[in-house]
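Pulled from TrEMBL:
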| type | residues | note |
| --- | --- | --- |
| BINDING | Gly239, Glu275, Pro276, Gly277, Arg278, Tyr375 | pyridoxal 5'-phosphate binding site |
| BINDING | Arg278, Arg314, Tyr318, Glu347, Tyr375 | substrate binding site |
| DOMAIN | 29-373 | domain 'Orn/DAP/Arg decarboxylase 2 C-terminal' |
| DOMAIN | 36-281 | domain 'Orn/DAP/Arg decarboxylase 2 N-terminal' |
| MOD_RES | Lys60 | N6-(pyridoxal phosphate)lysine |
Amino acid sequence: MDHFLYRDGVLHAEDVPVAEIAATVGTPFYVYSTATLLRHFRLFDEALEGTDHLVCYAMKAASNQAILKTLAEAGAGMDVVSEGEYRRAKAAGVPGDKIVFSGVGKTADEIRYALSGGIRQFNVESEPEMEVINAVALELGTTAPITVRVNPDVDAKTHAKIATGKSENKFGIPIARAREVYAHAASLPGLEVIGIDVHIGSQLTDLDPFRLAYQKVAELTQALREDGHDIRRLDLGGGLGIPYTRSNEAPPLPVEYGQMIREELGHLNCEIEIEPGRLIAGNAGLMVSKVIYVKHGEGRDFLILDGAMNDLIRPAMYEAYHDIVPVTEATPGVEPQPYDIVGPVCESGDTFAKARLMPPLEAGDMVAFRSAGAYGAVMSSEYNSRPLIPEVLVHGDQFAVIRQRPTFDDMINRDTIPEWL
Ligand code: LLP
């Protein structure tokens, strides 16, 4: 459920007509709903009610400071994967003890920065990383709380580019080697081993792969406890999928996910951490774009938009489907027609949809890409020297620009000319 609905034929973001935002900021732009962000965060929080838990938003999904602050004020922790994300989380007011640090390539500098600023735990992905965290902790005269990310060799049944839990993926340590690796960790005086971490992929639309992975984590918890480790926290990663189409997809709900977690892990009396990103931000955001031209091609019509693959790369990168709806609702009874919906970037990959049925549209009409809140703005670039597009946050009947559109000069002046030119 989200808060982007038609009222009197006009698409609204909460109580604000999308066209009013467009008139203020121009197109294309991203717009997020505070109510949807909070609703989704709370669904997870409530799904784990009664269990000692923390929902750490995977901020890679959408990391604008205003989004982070909205979630932080509701009680969210953050899952970060770089010093930049750590700094963003801190700047949004998240205390260090609610920040977990994930990722396969944390550098010594990043580790030092986070450990000095306060950290809930590092989710360690390899033995070399473990050695570096140990060395940094000793240098700072402290100990670093860690979990080890295990790779359970489970097929997440999602797009290959976002599956992370198979043995061929770069993530985690093979679960079969876990006892050995934990023994190594326990021998390092700069580390405090507190738990286990697992994350098997993103956009999972079935609970079974999660269940399989968590069963392996439950077995491992017991084995590690027998080995003398005080396993008291389980970080279960993110990955719960969202419906991208409105009809045929019904991924499990957070409440069902929470129930499954209780079933598989409740008896262990561990503190539970989860790292959802997409489910919190995905359906809380639209990308709004304007039709520049309608071009009649050979056997097909193209809708050429002012938004492009550099603004929303998911269709080009993952063949992802995004629902695209007109900002002014179609008149009932008008026959929809197929369009290839494309951006202005100079490559054929800049195609959002092929033969998509839409009401007849004309130059100047606006469309909204639904489910664009996660992995949208954060993955955008200035390819083709198209300045990054602005982000807007709606709250009831108010809206605010939360990231300005850079001017062309801002973009050009970021480059510097060497003195020999
Ligand atoms: N935790 C870890 C360690 C992760 O690597 C990720 C996502 C998450 C949590 C959050 O997963 P989520 O709840 O959002 O599924 N750019 C891709 C998605 C990449 C996901 C990367 N890791 C896309 O647009 O589909």
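Every residue, even glycine, has its Cβ placed from backbone N, Cα and C.
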Anything within 10 Å of Gly277 (pyridoxal 5'-phosphate binding site)? Look among the recorded positions Lys60, Arg314, Tyr318, Glu347, comparing CA atoms, and list what you find.
Lys60
Would you measure the largest Cα separation among Gly239, Glu275, Pro276, Gly277, Arg278, Tyr375 for the pyridoxal 5'-phosphate site and round it to whole Å?
15
Have a look at the recorded positions Lys60, Glu275, Pro276 and say which one has the shortest Cα distance to Tyr318 (substrate binding site).
Lys60
Pairwise over Arg278, Arg314, Tyr318, Glu347, Tyr375, annotated as binding substrate, what's the top Cα to Cα distance to the nearest Å?
28
Validating a neighbour-count step here. Other CB atoms within 10 A of the CB of Gly277 (pyridoxal 5'-phosphate binding site): how many?
24
Which ones, of the recorded positions Lys60, Gly239, Glu275, Pro276, Arg278, Tyr375, have a Cα no more than 10 Å from the Cα of Arg314 (substrate binding site)?
Tyr375
Do you know which of the binding-site residues Tyr318, Tyr375 has the most other C-beta atoms within 10 angstroms of its C-beta?
Tyr375
Cβ within 8 Å of the mean position of the Cβ atoms of Gly239, Glu275, Pro276, Gly277, Arg278, Tyr375: remaining residues of the chain near pyridoxal 5'-phosphate:
Ala58, Lys60, Ala61, Ser202, Gly238, Leu240, Leu279, Ile280, Ala374
What does DSSP call Gly239 (pyridoxal 5'-phosphate binding site) in the simple three-state scheme?
coil
